[in-house]
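Data first, discussion second: the structure below is written as structure tokens.
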2 protein chains.
Amino acid sequence: MASDKRLVLGVAGFGTVGTGLTSILEENRDWIIQRTGREIVVKTVLVRDVNKKRAVKLPEGAELTDDPARLVNDPEIDVLVELMGGIEAPKALILQALNAGKHVVTANKALLAEDGFELFRAAQQNGAGLYYEASVCGGIPIVQTLRESLAGNQMTSLVGILNGTANYILSEMTTNGLDFDTALSQAQELGFAEADPTLDIEGFDAAHKLCLLIRLAFGRDYPFSMLPVQGISGVDRMDIEFAREFGYRLKLLGEVRNVDGRLEAGVFPMLVHHTYLIARVGGAYNAVRMEGNAVGPVFLHGLGAGATPTGSAVLSDIMAVARGCAPNNTGFVEQVPAPADIMPPEEAEACYYFRVMVRDQPGVLRDLAGAMARQDISIAQAVQKGQDPGGVPIVFMTHEAKARNVAAALEDLKGAGLLLAEPVHYRIL
Amino acid sequence: MASDKRLVLGVAGFGTVGTGLTSILEENRDWIIQRTGREIVVKTVLVRDVNKKRAVKLPEGAELTDDPARLVNDPEIDVLVELMGGIEAPKALILQALNAGKHVVTANKALLAEDGFELFRAAQQNGAGLYYEASVCGGIPIVQTLRESLAGNQMTSLVGILNGTANYILSEMTTNGLDFDTALSQAQELGFAEADPTLDIEGFDAAHKLCLLIRLAFGRDYPFSMLPVQGISGVDRMDIEFAREFGYRLKLLGEVRNVDGRLEAGVFPMLVHHTYLIARVGGAYNAVRMEGNAVGPVFLHGLGAGATPTGSAVLSDIMAVARGCAPNNTGFVEQVPAPADIMPPEEAEACYYFRVMVRDQPGVLRDLAGAMARQDISIAQAVQKGQDPGGVPIVFMTHEAKARNVAAALEDLKGAGLLLAEPVHYRIL
């Protein structure tokens, strides 16, 4: 069934995921042979500086190089494993590898989301596999699930916790009452957040992943540049506590829904009722809940990052190559998806959580409710906290309202001089 | 990439799953072509009685037959979809189909678990695919996940809610305070339980599935006939309530663990702490939590039965055939797994929940604790309920204890004449 020939890898990048992958290849060597019938070996590892001291040892027999050409010109190498990060350099390398008839396994969500179509076309022209299970949600098999296991379903919605760093920070703020800056510093100390955490906490990493998931689930192109994205850097512990009192958790979610044929999508901090499984996803875990017109809801949960969880996803792709799978790169016959019919973000409807800081005086709640009513926004519950003459928070949750109306109501309130501070509002899942 | 040739199915059995499959094939027809490049059509449907009135209409162009030979002798049919149930008849049909060079998709967990190896050998000899995603946990892609997505992992444990009927009954007992018989009748009325519910409530259906999952995850044969199995027919609402007070839910679980190279496995009602995701799996849902040495824990949740969820799983297998996937039937090069090194059930260690009914008099708790201590069983917490002179329950939870010692302690207690009723004990996950 499987060939006895070894499968030879060239690995570009030897950071967290690269070392995770090589450690699994070593530890599970015999197991992988039982599964695929082939030995998988690393021949060449591309790094920036071959002389840098490394704590991790190279795989046996592998050689270091700083010359990308060594990976793509070596006819012995069957698979390029791209774990460099960045956009331009890996793009060039992947294209060369595909055109040289090699299969490619990558974890590069930014590249695929922002500039991936040329790669998929090149893969198709060369009959090569372009695999990227590790690019979304680490060890969770979400790519395979959407591309193959649920392939017969027309999806109606998908929502996920797609970034472990943001989820760790929000979880710490929720569970241990930390403020944002403390939780972020802690995440950095523990290695859950990078020195420059912008991509994670501003939601762009989650947005890259959401772009890829939309393609896999809906077969449509929702350009990364058009996705509404809001991060968590402005989140106040106070809102997490109010949300809790109403039975909700605050989570950074990537969401997409098919609303009468149009896709409504975005990355936002959102309130999730505590009885939902996705509300219970803690720490550095990721999760995705998707719903198909045949299967109903399916929920996947696991570690979204880390050396060996992400390495496990990379390895599953490599093993698919080793088994001689026919490439199914995008999950569709067409390698470049048609443009999505995008619902303009201001038309999106959701229930909302609001917090406004107001003076504790008669008529304030009436004026607030009036501004909402003028925009057809119906208040479901409201609570005023404390009795500080300097200003008190009023928190209220609404029934379904259009984003456009929410924006107008907030403008109204600001114009009326009612608010002592910038108002806060989050969607409710 | 994909051939333009239609993929032609012969479907054996036209019950719930068969009608679910054909309805998805019709509703998602264009979508499936976008995914695979091929039209998938049903040519022949095998039923017991071709003259029976059916509420569901046949797929367009399909013909009914009561002659199994029509499915396997027709050279136009590419795939046999076996949804008949039973063991002997489907086994014969599947073997004929494989030997005729057809691929086979089946949902038949009982056949595969009790008598599947001959089928896998025949598939291999014929270079055919033998697919069975629908045989375990309905729409949840657990087979694909273990066989491919987590294939690079050596698994350390797997635990799941593998039977929706039993889970529905326990959920109703927990949430609505029903007793077992009422909950079972309700499940039958709603179509969640069959007229003869033995396979579901006595744990055998879950055990069939566990057998298959053990093969997929560990590549070992743990014979169905050797699996310890305990159902839920004896469950008393009282224990569900006591468990709740301690923060636990009672769930029927299939579990397997690798303990120093030996597999400890079985199907039991078990207490699960409410903070675990698996404790929150309600109604007819299924879920599986598995842990691999690279990926860590992964949790999958979805509908475990029903026409279109199970149909979705059948369809994913059919679409894999349509894409021309290389067969990977067992997930291993060897099609018949080596025997598992089985841990004798009496050596298994777990924490336990006990309830005993005793007379409310001095010294009883001392005697109970003494019987436990003589078997090296350490009590973690205990509570005595009520003050009925006719007899009161004492509930206690233990630290880790061997099943053998638990059995001996229970014998001891019974012999000492302390117990007014049969004692109850459950493992704690």
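Placement of Cβ uses the backbone N, Cα and C atoms for every residue, glycine included.
In TrEMBL, annotation is done automatically, which means it is predicted and not curated.
Positions annotated as active site, proton donor by TrEMBL: B:LYS209. Annotation for B:LYS209 (active site, proton donor): spatial neighbours B:LYS109, B:ALA113, B:SER135, B:VAL136, B:CYS137, B:GLY160, B:LEU162, B:ASN163, B:GLY254, criterion Cβ-Cβ under 8 Å with sequence separation of six or more.
Taking a C-beta cut-off of under 8 Å and a sequence gap of six or more, B:GLY15 (NADP(+) binding site) has these contacts in its own chain: B:LEU83, B:GLY85. Residues or ranges marked as NADP(+) binding site by TrEMBL: B:ALA12, B:GLY13, B:PHE14, B:GLY15, B:THR16, B:VAL17, B:GLY18, B:THR19.
Under the heading NADPH binding site, TrEMBL lists B:LYS109. B:LYS109 (NADPH binding site) falls within a helix when secondary structure is assigned with DSSP.
Residues or ranges marked as domain 'ACT' in TrEMBL: B:353-429.
Contacts of B:GLY13 (NADP(+) binding site) defined by a Cβ separation under 8 A and a same-chain sequence distance of 6+ are given as B:LEU46, B:VAL47, B:GLU82, B:LEU83, B:MET84, B:GLY85, in order along the sequence. The binding-site residues in question are B:THR16, B:THR19, and the one with the fewest Cβ neighbours inside 10 Å is B:THR16. According to its DSSP assignment, B:ALA12 (NADP(+) binding site) is in a strand. DSSP states for the domain 'ACT' (B:353-429), grouped as helix (H, G, I), strand (E, B) and coil, give 24 helix, 27 strand, 26 coil.
Neighbour count (other Cβ atoms within 10 Å of the Cβ, all protein chains): 25 for B:VAL17 (NADP(+) binding site). What surrounds the NADP(+) site, by Cβ distance within 8 Å of the Cβ centroid and not counting B:ALA12, B:GLY13, B:PHE14, B:GLY15, B:THR16, B:VAL17, B:GLY18, B:THR19, is the set B:VAL11, B:GLY20, B:LEU21, B:LEU83, B:MET84 from the same chain.
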